[in-house]
Amino acid sequence: MWDLEISKIIVNGFFEKFNDALDVDVAIVGGGPSALTASYFLTKNGFKVVIFEEKNDPGGGTWGGGMLFNELVVEEELEWMLKEFGMNYKRLNGFISIDSVHFASSLLYNTTKVGTKIFNNVIVEDILMEENRLCGVVINWAPVIKQRLHVDPITVKAKYVVDGTGHPASVVQMIIDRNLEVELPLDKIREFPMNAKEGENFVLKNTKEVFPGLFVMGMAAVSVGGGPRMGPIFGGMLKSGEKVANAIVEKLSVEVSK
Ligand code: 48F
């Protein structure tokens with residue numbers, strides 16, 4: 001019977017992916033542009049990467065461009081990466097302009113094509129710790145959390161966790177809420193008014209390991225470091241994702257060769 005066959009294909013296909021994603025090299029929280037870039041470079045380097053995105057549609061703040069004008073901007077120096085992703089773009093006075101729907105879908109296509117697994121509608125609601133080091137995340141279905149259902153989560157083991165949750169820096173916030181030692185330049189997570197140029201440099205500088213086993217990238221790195229937001233310029237997100245990927249590749253490669 002067709003209908004039964006279809007249901008079995010879906011259920012078996014999902015659980016095959018999901019089972020494999022319970023023990024990974026890198027778990028990325030949030031599916032925004034920095035996450036899609038980081039996962040692409042990590043997976044391409046042979047590491048097992050999973051992204052958990054609480055919304056139905058991964059891509060974070062990319063789809064709507066600036067103020068719903070669905071065009072976004074990156075710096076000219078990133079042309080090599082856009083070429084790597086096979087994107088169409090226009091060069092204009094030192095900047096590059098890209099259709100935001102094309103940008104989001106290209107990032108999604110490229111990272112899933114190399115093998116990154118994205119689980120949408122899944123929220124990271126807590127962290128998994130061992131000997132004062134992050135070693136995974138605690139996940140649940142986003143509708144379970146949003147409807148406040150009393151349902152326990154399950155855990156995913158990861159060698160590294162990356163906070164790519166954007167403005168709220170949710171994973172770092174979970175560490176702070178538990179009074180664990182995290183080095184913050186301010187008394188709390190906070191971002192400052194928009195300044196695209198400063199923000200673009202700031203995001204890259206603040207993309208780093210902030211707690212053993214936990215990296216922060218993208219807008220989350222800005223919030224944790226206390227810097228200015230930068231709105232619809234996305235070069236910093238791509239650079240930040242690439243920086244996290246390189247840093248983790250280096251660490252994991254050392255561990256593999258031990
Ligand atoms: O904010 P977001 O797009 O992340 P980003 O990579 O990019 C920022 C830009 O979009 C833009 C900008 C450019 O200059 O300023 O804002 O830093 O995407 C973050 C994603 O994380 C998801 C959220 O739904 C969004 O899609 N997210 C947040 N908390 C959780 C989460 C969580 N606890 N579990 C799963 N997903």
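For all residues, glycine too, the Cβ spot is worked out from N, Cα and C.
Any TrEMBL annotation is an automated prediction that lacks curation.
Annotated NAD(+) binding site per TrEMBL: SER34, GLU53, GLU54, GLY61, VAL124, HIS150, VAL151, ASP152, SER170, MET219, in sequence order. Here ASP152 (Fe cation binding site) comes close to ASN140: these same-chain residues lie at least six apart in sequence, with C-beta atoms under 8 angstroms from its C-beta.
What TrEMBL records for ASP152, HIS167 is Fe cation binding site.
A 10 Å cutoff on Cβ-Cβ distances gives ARG229 (glycine binding site) a total of 17 other Cβ atoms nearby, all chains included. Per TrEMBL, glycine binding site is recorded for ARG229.
The Cβ neighbour count for GLU54 (NAD(+) binding site), using a 10 Å radius and every protein chain shown, is 24. Note on the binding-site residues VAL124, VAL151: the fewest other CB atoms within 10 A surround the CB of VAL151.
Proximity of HIS167 (Fe cation binding site) to non-local residues of its own chain (separation of 6 or more, Cβ distance below 8 Å) is seen for GLU191, MET219, ALA220, SER223, ARG229, given in sequence order. Cβ crowding, taken as the number of other Cβ atoms within 10 Å, peaks at SER34 among the binding-site residues SER34, SER170. Classification of VAL124 (NAD(+) binding site) by DSSP places it within a strand.
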